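Colleague: Handing you this structure, nothing more for now.
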Amino acid sequence: MKRTIQETPGPSSTTVPPPKKLNSQRNGSNLEPGSIYFTPIGGISVPRQESESSRSLDEILADIRPINSLHFSFMLDFEFLIGSYPPSLREYPITLVVGAPDAPDLLKCTKNQKLVTVVGASLPIPFGTHHTKMSILEDEDGRFHVIVSTANLVPDDWEFKTQQFYYNFGVKIASGTVPRSDFQDDLLEYLSMYRNQLDTWKQLLQKVDFSQISDRLIFSTPGYHTDPPTQRPGHPRLFRILSEKFPFDASYEHTERCTFVAQCSSIGSLGSAPINWFRGQFLQSLEGANPSPKQKPAKMYLVFPSVEDVRTSCQGYAGGCSVPYRNSVHARQKWLQGNMCKWRSNAKRRTNAVPHCKTYVKYDKKVAIWQLLTSANLSKAAWGEVSFNKSKNVEQLMIRSWEMGVLITDPSRFNIPFDYPLVPYSATDEPFVTDKKHEKPDILGCIWTPP
């Protein structure tokens with residue numbers, strides 16, 4: 001499948017009120033540092049029909065006014081991206097990072113752009129993808145703006161879906177010592193995984209002060225990782241950072257079962273039983289240094305659109321292209337349906353916009369404790385699977401894909417996209433799958449026939 005171009009589907013039918021304007025912050029833009037925003041509904045092929053706290057790509061770029069840009073994406077439509085820049089800023093350097101198989105097509109699209117550099121990220125394990133969605137933008141005043149997103153750089157992802165992005169920034173230090181920060185360390189460690197392909201950006205970011213940022217980057221990089229667990233990416237990295245943020249508390253009373261919610265747009269093969277991975281090593285990483293007692297095991301739910309959720313969405317069944325779960329996979333893990341909940345976002349007025357965002361949240365005594373916004377879906381390919389390599393006599397973590405997310409532990413900055421309490425699937429609900437025919441007409445009068 002070509003991943004560098006994506007056509008824009010039909011019009012949206014969602015109607016929501018106009019956005020609230022934020023005051024300009026000390027970062028020189030209208031974006032609040034440390035905040036999570038939604039992308040708009042409409043605004044490209046149809047009139048914009050806003051939801052609160054949303055920003056379009058052209059608004060972001062007009063606010064920041066980058067003179068040097070680094071974009072990571074899975075799918076990338078260059079004409080859409082460059083068209084989102086203000087005309088006066090289209091002749092500045094842009095570096096684009098995609099999966100190595102997609103780099104040749106992108107090079108063809110940008111062959112007349114002298115200041116555009118294309119980087120192809122290595123995908124050493126079959127079926128892996130370069131799934132990271134992140135932008136680092138340098139402005140003329142020496143600020144470096146970091147955006148961690150769930151949206152690909154294609155029109156449909158920025159118009160008809162429930163997407164989110166996280167924003168923050170740092171300031172270049174002209175001379176003297178740059179204060180050390182975990183956020184900067186995270187960023188530089190991730191860029192190092194591209195070997196020497198992004199060394200120029202590493203050198204720039206080494207001179208940037210990110211010390212005001214308390215949030216942490218949670219990322220995955222492909223490969224067979226045999227280094228110590230504390231140095232591994234994927235879900236072991238989440239375990240380590242959660243353990244640092246929330247050390248073991250022997251005095252804590254488990255009066256209720258804590259709840260973990262995963263919300264994603266695709267699901268991988270998780271095994272024939274939940275203990276294989278879902279409630280095994282993945283849940284153990286979500287719990288960090290504070291595992292639930294055996295008498296009160298953690299509850300774990302998955303928010304994923306049902307057939308009816310997609311059928312009644314603003315794009316109808318076409319919106320289901322962004323939630324590519326397959327019936328052939330679901331048939332092997334029917335146990336998962338008992339954990340599934342419908343997509344509901346009435347509080348944010350986005351129930352009718354199919355979710356492409358990915359969110360992981362811990363609730364304790366019905367209160368959200370942390371939120372993770374990420375590109376990583378619920379899959380071993382994204383988060384990794386620990387196994388023992390008998391031939392090498394070593395434990396290894398196998399990850400197929402590149403992923404990027406940000407962990408926020410400050411409740412005042414949470415922006416959880418789904419409603420809580422959750423709405424479980426009914427006895428007649430089924431998850432939307434792309435390889436099964438759906439004959440009941442959708443909101444646009446169409447049926448779904450598998451491609």
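Every residue, even glycine, has its Cβ placed from backbone N, Cα and C.
Pulled the feature table from Swiss-Prot, pasting it below:
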type	residues	note
REGION	1-34	region 'Disordered'
ACT_SITE	HIS131	active site, nucleophile
BINDING	LYS133, LYS358	substrate binding site
REGION	266-269	region 'Interaction with DNA'
ACT_SITE	HIS356	active site, proton donor/acceptor
Colleague: Summarise the region 'Interaction with DNA' (266-269) as counts of helix, strand and coil residues per DSSP.
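Modeller: Across the region 'Interaction with DNA' (266-269), DSSP assigns the residues as follows: 0 helix, 1 strand, 3 coil.
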Colleague: Quick check for the class: what is the C-alpha distance, in angstrom and rounded, between LYS358 (substrate binding site) and the residue listed as 'active site, nucleophile'?
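Modeller: About 12 Å separates the two Cα atoms.
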Colleague: List the residues of the same chain that sit at least 6 positions away from HIS131 (active site, nucleophile) in sequence and have their Cβ under 8 Å from its Cβ, in sequence order, or write 'none'.
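Modeller: For HIS131 (active site, nucleophile), the qualifying residues are PHE74, SER375, ALA376, ALA382, SER401, TRP402, GLU403.
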Colleague: Could you measure between LYS133 (substrate binding site) and the residue listed as 'active site, proton donor/acceptor' for me? Cα positions, answer in whole angstrom.
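Modeller: The separation of the Cα atoms works out to 12 Å.
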Colleague: Near HIS356 (active site, proton donor/acceptor), which residues of its own chain have a C-beta under 8 A away, given they sit six or more steps off in sequence?
Modeller: THR150, ALA151, ASP157, LYS161, THR162, GLN163, SER265, SER322, VAL323
